[in-house]
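**Student:** Handing you this structure, nothing more for now.
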Amino acid sequence: MKQLLLACSLLFLAACQEQPLVSTQAQGSSEKVLSQKEPSAIKEETTPTSGEESFSIQQQGIVPKRIEIPAINVDAKITSERLTEKNEMEVPSNAEQVGWFEPGTKPGNSGNAILAGHVDDKNGPAVFFDLKDLSAGDQIYVTDEDGKKLTFEVNKVVAYPKDDAPLREIFGPSNNQNLNLLTCTGTFDHSIQDHEERLVVYTSLVNS
């Protein structure tokens, strides 16, 4: 788990280091909750303990091949990405595709599955450019190569300073069937060739 969290932290820090053509949202120095369900509407987050039976109940995870987000007009291919020799997550070379972190959780299984996509590149807006506009309750559809579709619902949308994010909450174990979408946001800092913030859309499975 420590190695996985280290790899994920490198993903969180390094996934967006390419100069954009356009700016994203305004700079901020602390966590910003852009949208969130009422606490009573969110399934209580639980973390598995060693040998916990509930964590090993029926798993319905899929190898994701396509993502649809009607609220922001996203319909994109998903590629399976692994770790580089530097223990960093590979990201799709095509800015209109989304990467699934294959060594992690499958969407639909207990845990935090991770999908990452570019917000922009030198040519303009990319696949997750409008991710910040999602609202609590919006739905996300993930499909495998056989056409099995899982539906996830947005719980909250949060922007974090790139060096200060709750990695265990985003990437760590959970009894819930979560899917977290990651991209860059905030001001592009030309001195470090990177965005100053990371955007996380937290979602959970509502049906399969």
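Just so it is clear, glycine is given a Cβ too, placed from its N, Cα and C backbone atoms.
Dumping what TrEMBL says about this protein:
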type	residues	note
ACT_SITE	His118	active site, proton donor/acceptor
ACT_SITE	Cys184	active site, acyl-thioester intermediate
COMPBIAS	47-58	compositional bias 'Polar residues'
REGION	25-58	region 'Disordered'
**Student:** Quick one: pull the CA-CA distance for His118 (active site, proton donor/acceptor) versus the residue listed as 'active site, acyl-thioester intermediate', whole Å only.
**Tutor:** 7
**Student:** Which has the fewest other CB atoms in a 10 Å radius around its CB: His118, Cys184, the listed active-site residues?
**Tutor:** His118
**Student:** Any idea what DSSP makes of the residue listed as 'active site, proton donor/acceptor', helix, strand or coil?
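**Tutor:** Assignment for the residue listed as 'active site, proton donor/acceptor' reads coil.
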